[in-house]
Every structure is written in C-alpha cells, then in structure tokens.
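What TrEMBL says about this one:
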{"type": "BINDING", "residues": "Asp34, Glu35, Asp142", "note": "divalent metal cation binding site"}
{"type": "DOMAIN", "residues": "28-251", "note": "domain 'RNase H type-2'"}
Amino acid sequence: MDLSELDRDSTGRCRLNSPVPAVCRKEPCALGVDEAGRGPVLGPMVYAICYCPLSRLADLEALKVADSKTLSESERDRLFVKMEEDGDFVGWALDVLSPNLISTSMLGRVKYNLNSLSHDTAIGLVQYALDQGVKVAQVFVDTVGPPETYQERLQQHFPGIEVTVKAKADALYPVVSAASICAKVARDQAVKNWPFVEDLQGLDADYGSGYPNDPKTKAWLRKHVEPVFGFPQFVRFSWRTAQSILETEAEGVLWEDSPTGDQEGPRRIMSYFSKSPQTLPRLPHRYFQERGLQSATTL
C-alpha cells in the first residue's frame with residue numbers, strides 16, 4: 001500500500017484507492033464502511049470502503065474475511081493482498097485522517113466532534129465511489145454513535161440506496177469485514193512508518209497499544225513532550241490524556257489578552273444590564289490604551 005502522500009504531508013488527510021473493477025460499473029454492488037484507529041491517542045484514523053457486485057458476495061466471503069480485530073497482523077496483510085489479487089471484482093478506497101487534523105477539528109473555534117468527523121468521512125467515501133461510477137445499490141456501515149440516527153442521516157444523503165447501519169457490522173457483513181481489513185492494514189503501516197518531522201532525541205518506537213489507558217503509551221507521551229512546543233504531530237493533542245500531560249509537564253502560557261490578577265475577569269451576562277454601584281468601570285481595549293485614545297463625549 002502506497003502511503004507516500006502521507007509521508008509528504010502528515011498534517012492533513014490523504015485518500016488512496018484501488019482501480020475500479022469494470023464489473024462494478026455494470027452490476028449493482030454492495031459497499032461496506034469501517035474505520036481503524038478511532039480511539040488511540042497516537043497515529044491517524046483511517047476510514048475505508050470496500051465494494052463488490054452483489055453477484056460476487058459469495059466469492060468475497062470465500063476469502064474468509066473477518067473483523068480485523070479478530071485477525072493477526074500477518075492474517076490481515078495476507079487477506080489484503082488476496083483482495084488486491086481479486087481486483088477484477090473487489091475495489092476499495094481509504095481516507096487517512098492525521099492526528100493533527102483530528103485535534104484541530106475538535107479544538108477549533110467551531111467545534112467539530114469525532115462523531116461528526118467520522119460520519120462526514122464515511123459519507124465522503126460513499127460519494128467518492130458513486131463519482132467513480134460504482135453502481136452502489138446497498139451500503140453497510142459499522143455504526144458510530146446511535147445506529148438509528150446515523151442510518152437516517154446516510155439515507156437522507158443517498159435516498160436511492162439501501163442503507164444498513166449496525167453495531168458490530170464488521171462481524172456481520174463480509175463487505176464491512178473487508179473494509180475493516182483495508183483500514184487496519186493502512187493504519188498499521190502508517191503508524192509503523194510514521195514520518196516524524198520533529199528532531200526527537202532518543203525516539204522510542206515502543207509506545208504500546210497507543211490507547212490512552214495504556215501505561216506504556218502514557219510513558220511514551222511523557223518522554224516525548226516538549227516543554228514549549230508540546231507533542232510531535234504523531235499525537236492527538238485534543239485527547240484528555242495528552243492534555244493532562246501538557247498541563248503537568250509543559251510550560252504554562254499567558255496570552256496577551258488573558259486577564260491578570262489586577263484586571264476584571266469575565267462577568268455574567270446579566271451584569272451588563274445592572275446599575276449596581278459596586279460595578280467596576282471596564283477598562284477600554286488595549287488598542288485604545290496604547291494610543292492614548294478616549295471616548296469623545298462632545299463634538
């Protein structure tokens with residue numbers, strides 16, 4: 001799997017895809033959606049779709065695809081190679097979302113939570129398959145959040161397609177199992193060959209499972225936090241585990257507009273409508289103070 005685009009820019013997202021089998025442009029197809037790496041504090045999250053004609057679902061099942069979490073890394077790699085060899089009827093596409101993209105989305109001025117990001121990524125991949133000419137007739141999705149509301153949203157986006165969203169869909173539908181294998185193989189490769197742009201002294205490649213509650217992962221985070229610049233881009237700094245380590249191991253920052261001890265802090269909204277004599281006069285904005293500007297009361 002060629003992840004060279006991620007190597008060139010590991011701060012955003014990249015999309016990979018197989019050639020579209022000719023038969024998938026002619027016959028109605030089933031398409032499965034799944035992800036890998038939703039929970040870890042380290043590395044990207046990968047969304048994947050896999051599709052094949054309805055008439056060839058038995059052939060896909062004969063490959064003995066299964067939920068990627070139940071397979072060893074070598075088994076996943078072998079099955080992915082097998083799917084590549086059967087490219088005359090099986091196609092796939094991936095969206096690799098970097099840790100930086102995930103965290104900046106979640107901490108932006110307009111919040112974009114992980115569920116919304118996941119839903120929109122899945123919708124984008126289904127639309128990508130349609131744009132490539134795949135005759136998608138059925139979509140099967142491993143749920144994120146309540147399956148009923150997720151299914152309703154997908155059905156609104158794709159009214160002419162039969163949509164099924166279920167928990168553990170990767171263990172129920174072979175086409176979702178195949179998608180989970182594609183996603184997991186891509187994430188494993190991305191994590192193993194992550195292009196660190198930071199000059200990390202004594203980089204330790206043994207970071208455990210990458211999940212927030214793993215003591216080895218926490219130890220790796222503490223070892224590689226920089227007191228001023230924080231974590232390398234391999235880390236999802238929006239995760240609570242990473243934020244807690246930043247609060248204790250990194251330097252504090254006082255922004256220019258942060259209130260100091262002798263300044264009035266934020267007030268309740270109703271205080272602006274109060275005529276209480278205890279209300280302190282508010283200082284003008286720093287822009288006016290620095291220029292010696294005052295309000296004009298008479299003209």
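In case you wondered, yes, glycine gets a Cβ from its N, Cα and C as well.
When the binding-site residues Asp34, Glu35 are compared by the number of other CB atoms within 10 angstroms of each CB, Glu35 has the fewest. Packing around Asp142 (divalent metal cation binding site) is summarised by its Cβ count: 26 other Cβ atoms lie within 10 angstroms of its Cβ, all protein chains included. For the divalent metal cation site, the Cβ centre of Asp34, Glu35, Asp142 serves as reference, and the other residues of the chain with Cβ at most 8 Å from it are Val33, Ala36, Tyr47, Ala48, Val141, Val144, Ala169, Asp170, Val176, Ala179, Ser180, Ala183.
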